């Protein structure tokens, strides 16, 4: 899929030529899972799969939206007044961004026809919703001279998720999608929002995305429950030590103060947040140093913690990761994203990718009963206007 596909679709849908094209990628997180709402570090990158849009103006004072993925045409009419309440549809993400940007001072002076199509598997944990949010933010900011900085668009997207969609997500997804750079990952301190770009040099290895094809509904999953558990654990720790977030603690500091947390489940949740943050720092340094063996071990250790301390995997993800680690040429593997379905990643020697996909796919099909899908990820730039 590319911009030509959406410009052709735009003409078929609206009967005229598109004036602009845009793209927003999906994302994978190399390591640093469920740390973004705990004041820790994350290490994501944008990928070449994503969401495209072809856009043209109209004189209807309306946003006419068509999604090729859902094969639905939608009409948002109140671009000069108040928007409708959310309806549990894909249009909520467009409308949510428009509402937040309008509140922040955006001035929508005319209508738009927007044709959207993407190649991110829906519900796969590659951030299709955040990709759509950042796509919309880029479109509206560009075509209405919004003047918003990229980090402002990131915060608008988080606000849409938290206040409009109803998901207590952190900042990582929108940040990675808006701020991504080709062939680089971003080490982001979510506590301070300081970040640095680090080259992803894998040598003879590639990143293989493994899609369980089990949909995960973020708002309906236990994502919000995990965040609440971490907040409870932090509150207990704060009764005995001065700490603002779990991400501020070292492993030793956490181990010395676990007696403050009375619930063994909460200890497990907080331990993941603390230790995952430290793993992320170690992994980013290992990648900088060209120590891919250590990097792979830390990626795999993250997966173990997500399965046993944070308990966000499940039989589908566990089957993929366990069998991935048995294959020749694999440096590391783990789930990526919020969990409860969705995707995992593996770092695989390029010479072994074909056998890897055949073997892991066969075992998955035999155990789960349906196919997993595999993609070799290219690390891409963030959201942008294409023409």
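A Cβ is built for glycine as well, from the same backbone N, Cα and C atoms used for every other residue.
Annotated substrate binding in Swiss-Prot involves 33, 34, 35, 36 plus, out of the candidates 195, 197, 223, 259, the residue 223. Annotation: no binding-site residues among 33, 35, 67, 161, 223 have CA atoms within 10 angstroms of the CA of residue 173 (active site, proton acceptor). Ranked by Cβ neighbours within 10 A across all protein chains shown, the binding-site residues 35, 128, 129 are led by 35. Put simply, of the binding-site residues 67, 124, 129, 161, the one whose Cα is nearest the Cα of residue 33 (substrate binding site) is 124.
Residues 33, 34, 35, 36, 223 make up the record's substrate site, and a Cβ search at 8 Å around their centroid adds 32, 37, 38, 42, 170, 172, 226, 273, 276, 338 from the same chain. Cα proximity to residue 127 (ATP binding site) (within 10 Å) is found for none of the binding-site residues 34, 35, 36, 223.
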